[in-house]
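K.L.:
This is the structure I have questions about; it appears just below.
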């Protein structure tokens, strides 16, 4: 469903702004922006205004921001077509996602070039739906020790020149790069990215604690899908996980699907990193929303069965996770309240990207990216920049 209106009011329920919780208040949307947030119910009778009435048990959250997603609904960022990005952008509001980073996978130079150029072109003329905020370049500058589901044959050493070419083709839309800093020339690329204001993420890495710590000195500040495809925590070598735990400025992505990481382990990470330094992501692939079957991921066959995506050798190959499901799982963390849930699903990602002035929370002047959830965190309605894109009713 797609509906554009000049003025909209969402009233009732529980509004979770990102800073506080408001019961029985209302939010006014004008055009593509939030015009006002009030702590009293909306009672005016304006025939020209679309009014959405929430049930007492419903929540209004800022729209979710997914920093790490490869595909959905049969489409993948690496397809390199406008149709693929449009399919993803129009599918994600059904799970409450209103913006995302289009995420690549380790592939050939030509395939990555086509994908990043396509994202640039799409961003210049986007379709209605979730907003593409830029690119997350995952690979090919990663470790052969921890490829995960990244095609091993296309892994290459970090190279500033190669990256600079992709950066130019993307129209400088690459916002985040996941790499293995311990690889030859890894620190050179880290330094370059830091100088360009691009978020540097450790992932698919066999780095020691000391190697990650050195990269932190040069600007590394993020970790891709914590625990997965990285050197684990060991009592004699803290590894990547230990470095993420002990460096307070590193933000950590979590695939909270109960497949990639168990609830108790996420609780451990949450206790250490806190609600300010964890970010929920999906790492979803094209199979999301389509059910069991065989799918392609970077030229590899992925088997999806009972919500698990696996390569032939049993390696996890991305997820079927929806953002509202991740939020539901996070709601069961001890010490995580409603405001913390907004941080995990929206505000932290917006801060990381440097766009918290316009996204990530509910406040006047910010983009009208909003999601209505029931008490079980099922998505009822999603508004993307003032447009009602998804309505379950």
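Cβ from N, Cα, C; glycine included.
Where the annotation comes from TrEMBL, it is an automatic prediction and has not been curated.
Below are the features listed in TrEMBL for this protein:
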type     : residues                               : note
DOMAIN   : 59-388                                 : domain 'Amidohydrolase-related'
BINDING  : 138, 204, 225                          : Zn(2+) binding site
BINDING  : 149, 228, 229, 236, 260, 316, 317, 318 : substrate binding site
ACT_SITE : 283                                    : active site, proton donor/acceptor
K.L.:
Under 8 Å between C-beta atoms and at least six apart in sequence, can you list the same-chain neighbours of residue 236 (substrate binding site), or say none if there are none?
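P.N.:
Listed in sequence order: nothing, so none.
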K.L.:
Taking the center of the Cβ atoms of 138, 204, 225 at the recorded Zn(2+) site, which other residues in this chain have a Cβ no more than 8 Å from that point?
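P.N.:
Residues close to the Zn(2+) site, other than 138, 204, 225: 68, 139, 142, 148, 150, 178, 201, 203, 224, 228, 229, 283.
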K.L.:
Return the residues near residue 229 (substrate binding site) by Cβ distance under 8 Å, restricted to its own chain and a separation of at least 6 in sequence.
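P.N.:
Listed in sequence order, they are 146, 147, 148, 150, 203, 204, 205.
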K.L.:
Tell me the Cα distance separating residue 149 (substrate binding site) from residue 225 (Zn(2+) binding site), rounded to the nearest angstrom.
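P.N.:
About 13 Å separate the Cα atoms of these two residues.
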K.L.:
For the residue listed as 'active site, proton donor/acceptor', identify the closest of the binding-site residues 316, 317, 318, judging by Cα separation.
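P.N.:
Given the candidates 316, 317, 318, the nearest one is 318.
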K.L.:
Looking only at the domain 'Amidohydrolase-related' (59-388), report the model's average pLDDT.
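P.N.:
Summing pLDDT over the domain 'Amidohydrolase-related' (59-388) and dividing by its length gives 98.
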K.L.:
Mind telling me which of the binding-site residues 204, 260 has the densest Cβ neighbourhood, counting other Cβ atoms within 10 Å?
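P.N.:
Highest number of other Cβ atoms within 10 Å: 204.
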